[in-house]
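Below: one structure, written as structure tokens.
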Amino acid sequence: MNTISSVFENLDKQCALIPFITAGDPDLVSTGKALQILDSYGADIIELGLPYSDPLADGPIIQEASNRALKQGINLNKILSMVKTVNMTIKAPIVLFTYYNPVLHLGINNFIYAISNAGIRGLLIPDLPIEESEYVISVCNLFNIELILLLAPTSSRERISKIIKRAPGCIYLVSTTGVTGQKSQLTSQLKELTETVKTMTNKSIILGFGISTTEQIKEIKGWNINGIVIGSAFVKRLSGNVPEAGLEQIQSFCQDAKNAIIS
């Protein structure tokens, strides 16, 4: 399995495709199959969401997926056991998306050790205060986990600079205020923010929250972005069908998304 940094290095100027799916929805076996399908049909990095009872940054599609997974008794140990097995068959590094409370509940060191031992390569904590990130980064570095920091569109230039300096690797630029979900259009303000951030750092920039169509992908790839995260569009296809049909749909959409990037 590749590291996150090596993916961006190997892609050079090509944009990375980063699908997001919720672990355990519609079931954990399907999640494992979905990881393999995404890896085979164009994903460069894969975000895997840890189901959580109060997902403040997530839109309704991902919230519902998280609730369904929790009702099945899906937990971190079951997810990591599945990941450890699947990791042997895929190249795309997995980034675990989790809220801060589950990390604190288990203990920062214990949590990061556990995900590293399962083969997780990256960690994304949307509600991690930048003021508390230094220790988390130090533990992640110890266990070869790349912590990805988020940058909101409402951030001041001073805060942008602070996050850029603190970020150990790539930076996740949130495309909209509010929660994740499918948005009908992208704003010129977002493009300007992207250009501003790119002038302030050479670190890789990935863009997510609200990207759901191949038209949006084609538009964004021209912004000199290093990676595009697509979440709700994949989760909706996977969870809105019987498992076999959902897997077929994410395979097709993953191919379409990749073609939109490389075309």
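Cβ atoms are placed via backbone N, Cα and C, with glycine included.
What Swiss-Prot says about this one:
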- Glu47: active site, proton acceptor (ACT_SITE)
- Asp58: active site, proton acceptor (ACT_SITE)
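It is 14 Å from the Cα atom of Asp58 (active site, proton acceptor) to that of Glu47 (active site, proton acceptor). Within its own chain, Glu47 (active site, proton acceptor) has Ile18, Pro19, Phe20, Ile21, Ile94, Val95, Leu96, Phe97, Leu124, Val229, Gly231 as residues 6 or more apart in sequence whose C-beta sits under 8 angstroms from its own.
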